[in-house]
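K.L.:
Straight from Swiss-Prot, here's the annotation block:
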{"type": "BINDING", "residues": "THR14, ARG84, GLU85, TYR136, ASP246", "note": "sn-glycerol 3-phosphate binding site"}
{"type": "BINDING", "residues": "THR14, THR15, THR268, GLY311, GLN315, GLY412", "note": "ATP binding site"}
{"type": "BINDING", "residues": "THR14, ARG18, THR268, GLY311, GLY412, ASN416", "note": "ADP binding site"}
{"type": "BINDING", "residues": "ARG84, GLU85, TYR136, ASP246, GLN247", "note": "glycerol binding site"}
Amino acid sequence: MAKKNYIIGIDAGTTGIRTFCFNDKGKVISSAYQEFKQYYPKPGWVEHDPEEIWVKTQKLITLAIKNGKLNPKDAVAIGITNQRETSVVWDKKTGKPVYNAIVWQCRRTSDICKDLKKQSLDSNFRNKTGLVLDAYFSGTKIQWILDNVKGARDRAERGDLLFGTIDTWLLYKLTGHKEHKTDHTNASRTLLFNIQTKEWDEELCKILRVPMSMLPKAFNSKNLFGFTSNVKSIPDGIPISSLVGDQQGALFGQLCTEPGEAKNTYGTGCFLLFNVGDEFRISNQGLITTLALGPEGKTVYCLEGSVFIGGAVVQFLRDNLEFFKYSKDSEKLVKSIKTKDDIVFVPAFAGLGAPHWDQEARGAIFGLSRDTTPAQITRAALKAIALQSYELANAMEKETGKPLKFLRVDGGATSNAWLMQFQADILGTKVIRPQNVDTTVLGAAYLAGLERGFFKSVAHLRKEETKTTQFTPKMKESERKEEIDKWNLAISRVKTET
């Protein structure tokens, strides 16, 4: 077998694991994918099995290498990107989780957040972390586990338990339980990390009653985090040289490393990130401030708008309502409709994220009649993805005072051309889709490769960028306004907070 160096990229998403092998031009050699089980113990609760995630990650690394007919010994490095906020607590000695991973979409800690708001602690968290008090973030999830798993709090206070987001969990397992680390982008999503000092904050940990001994050491995303040890089918000693939250990974994967550059990712949720460089700023438009990556992987700030249910609404129609067998069939179904209707679908299954931040809002469909079809409901669901993203872009324009000249997009749902055209129409601006829409893991691979010298520089990577598909607005302004007005009315009807 001829020597062919490559980077392994692991994308530990919300619904499944993808693994990729990338060549020295940042192009995909091979990949593998598998979904994992979603657990819904109570309404609004979402969990994953951390052990299942680990087992499937090992299997898929092996499969991606096999699919590319590559030699495991030729892997130069591993980069990991992950669903952020999802929280795992495990035993330091055994490496066994004390409870399932509590997923970012889970709303079980809404009451904890409400109590903190009643104590007027919002600004304590906002000014240090850039975040709002919401069940979305990790801090209250950790508190819930410690308070609700028998003996967990005592064990944590004795220093016997560790916390990590999924990047930390996979790093810990890949290194044979040797490394307990995270990166700044994941740490910045916990409600416990001061994004100005880039350190865990003692005051916030005390408020949420999280022992600091549980927390991983935090580093820049481009960093030598450790080496593989005792992993099935791959050799010991492969460097793990990047960890990055999925949305910041996508921002870097799109090479939006300069202030003013933005991207929107359409995955389980939708996430619009706008690079603001070295400027720490608190939004007054319902956006959050978080950490991202600038030139050559330097930590910078960005504004983010987060939508909890994006592509997941298509999964809901597929799995729960059984409108179609495969997600890709949604586009064909919508294109079959020849008439207009007034159906509006607000997929607030996990509350509303930015810019509303309403934890108690729930999903609703308006405008149903006896002759409503699955195709019409599907169209309304796809429109909802674009309209929620419009709200993020609108908030971003108001916050920065700059019009959006174009929007770079990525993520699985961008393969739906009907959705992308409607997005361009509703934004009134050009939408640019790259050839490789898996830019979350591409960002992790870029960072891992830059750290090891496998890639020369960001400037070099820009030269390797491939062709794009562009969608330009075609909708009449009157029709666009009508769609937005219907959406705003529907949102006002599901909101519980003013």
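Cβ from N, Cα, C; glycine included.
Keep in mind the model is a prediction, meaning the values are calculated, not measured.
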K.L.:
Pick from ARG18, ARG84: which of these binding-site residues has the biggest number of other Cβ atoms within 10 Å of its Cβ?
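P.N.:
Most Cβ neighbours within 10 Å: ARG84.
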K.L.:
Quick check for the class: what is the C-alpha distance, in angstrom and rounded, between ASP246 (sn-glycerol 3-phosphate binding site) and GLN315 (ATP binding site)?
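P.N.:
The Cα atom of ASP246 (sn-glycerol 3-phosphate binding site) is 19 Å away from the Cα atom of GLN315 (ATP binding site).
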K.L.:
ARG84 (sn-glycerol 3-phosphate binding site): which of the binding-site residues ARG18, GLN247, GLY311, GLY412 is the nearest Cα neighbour?
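P.N.:
That would be GLN247, the closest of ARG18, GLN247, GLY311, GLY412 to ARG84 (sn-glycerol 3-phosphate binding site).
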K.L.:
Any idea what the Cα distance is from GLY311 (ATP binding site) over to GLU85 (sn-glycerol 3-phosphate binding site), rounded to a whole Å?
P.N.:
18
K.L.:
Using a 10 Å radius around its CB, how many other CB atoms surround THR268 (ATP binding site)?
P.N.:
26
K.L.:
Return the member of ARG18, GLN247, THR268, GLN315, GLY412 nearest to GLU85 (sn-glycerol 3-phosphate binding site) in space, with distance defined Cα to Cα and candidates limited to these binding-site residues.
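P.N.:
Among ARG18, GLN247, THR268, GLN315, GLY412, GLN247.
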K.L.:
Please report the number of other Cβ atoms within 10 Å of the Cβ of ASP246 (sn-glycerol 3-phosphate binding site).
P.N.:
31
K.L.:
Between THR15 (ATP binding site) and GLN247 (glycerol binding site), what C-alpha distance do you get in Å?
P.N.:
15
